[in-house]
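**Q** Take a look at the following structure, please.
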Amino acid sequence: WQKVLYERQPFPDNYVDQRFLEELRKNVHARQYRYQAVVFQSGAVVQQLCSVCVFVLTWWYMDAGMLSPQGLFGAALVSSLLGYVLFDAVDGGAGRWASGRTRWADLKSTLVFAAFTYGFSPVLKTLTESISTDTIYAMSALMLLGHLIFFDYGANAAIVSSTLSLNMAIFASVCLASRLPRALHAFVMVTFAMQMFALWPMLQKKLKARTPRCYVGVTVLFALAALAGLATVSSVGAVLFASLLLAISCLCPYCLIRLQLLKDNIHGPWDEAEIKEDLSRFL
């Protein structure tokens, strides 16, 4: 018997000899994960959950009158300036020189965004007056959930969409801002949302790529700050949120490592043929 199709042989079409399973291979493309590496990569999920938590807590404090818009705007401005300086200091300005973007261009973009947001803040305040508050809260929760689902955590997957994730977060911030007392509250809330969901992830990605130890430290401090803020509102919520963060950062990586041991993908002569030769010259 020969494994050819161009000769007639006294065997049925589905015949195979004893050598068939000699080419059997298992887990050819399986990746071997290390627990520490998986825990490190889970920091992106932890940080984004904490960002949503901090944003919702900030809105709750402003809605309850415990946080003034002037105080939040001042704190956001100072933290943005510190983050801006740190963003350039991490790589010595190499990223800025590579992109060709100047500080003057950054300042103009910031001023234009602040001016338009402040000008349209009365519209944002009255945008959803005809919609019930329960519907606003439900839409905001769904949008924030969608933001977490579509956020770019570093995975090369079709579901990842940074643009869609950011738009959903801003939409949720506009919905929640419309329930605040004044137009100034709405302006500060939308500005703070842009800082949390657009600027903060950019800084974290650069810290993760350039200074992993600093990234881990910032992630832990940020998670502790979110838990402390949540504890002032609900101790039960803080315990549940802490359990969620521990499950994502410790338990899920352990389950992934254990499940990798049970992986059993087989490859052999029954697989579809793959053309490995570069055919670009024929195109």
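Note: Cβ is positioned from N, Cα and C throughout, glycine not excepted.
Whatever TrEMBL says is automated annotation, not expert-curated.
Sharing the features that TrEMBL gives for it:
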type	residues	note
TRANSMEM	35-61	transmembrane segment
TRANSMEM	67-87	transmembrane segment
TRANSMEM	107-124	transmembrane segment
TRANSMEM	136-155	transmembrane segment
TRANSMEM	162-180	transmembrane segment
TRANSMEM	186-203	transmembrane segment
TRANSMEM	215-233	transmembrane segment
TRANSMEM	239-257	transmembrane segment
**Q** Can you find at least 3 Cβ pairs under 8 Å between the transmembrane segment (67-87) and the transmembrane segment (186-203), where each pair is 6 or more residues apart in sequence?
**A** yes
**Q** Under an 8 Å Cβ to Cβ limit, what residues of the same chain, 6 or more beyond the ends of the transmembrane segment (35-61), are close to it?
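**A** Residues 67, 72, 144, 147-148, 151, 153-154, 173, 176-177, 180, 189, 192-193, 196-197, 200-201, 204, 208, 212, 215-216, 219, 222-223, 225-226, 229-230, 233, 241, 244-245, 248-250, 252-254, 256-257.
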**Q** If we call contact 3 or more Cβ pairs under 8 Å (sequence gap 6 or more), are the transmembrane segment (107-124) and the transmembrane segment (239-257) touching?
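**A** When sequence-distant Cβ pairs are counted, the transmembrane segment (239-257) does not touch the transmembrane segment (107-124), since fewer than 3 lie under 8 Å.
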**Q** Find the member of 162-180, 186-203, 215-233 that has more C-beta pairs under 8 Å to the transmembrane segment (136-155) than any other listed stretch.
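**A** Result: 162-180.
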**Q** Could you check if the transmembrane segment (215-233) is in contact with the transmembrane segment (186-203), meaning 3+ Cβ pairs under 8 Å among residue pairs at least 6 apart in sequence?
**A** no
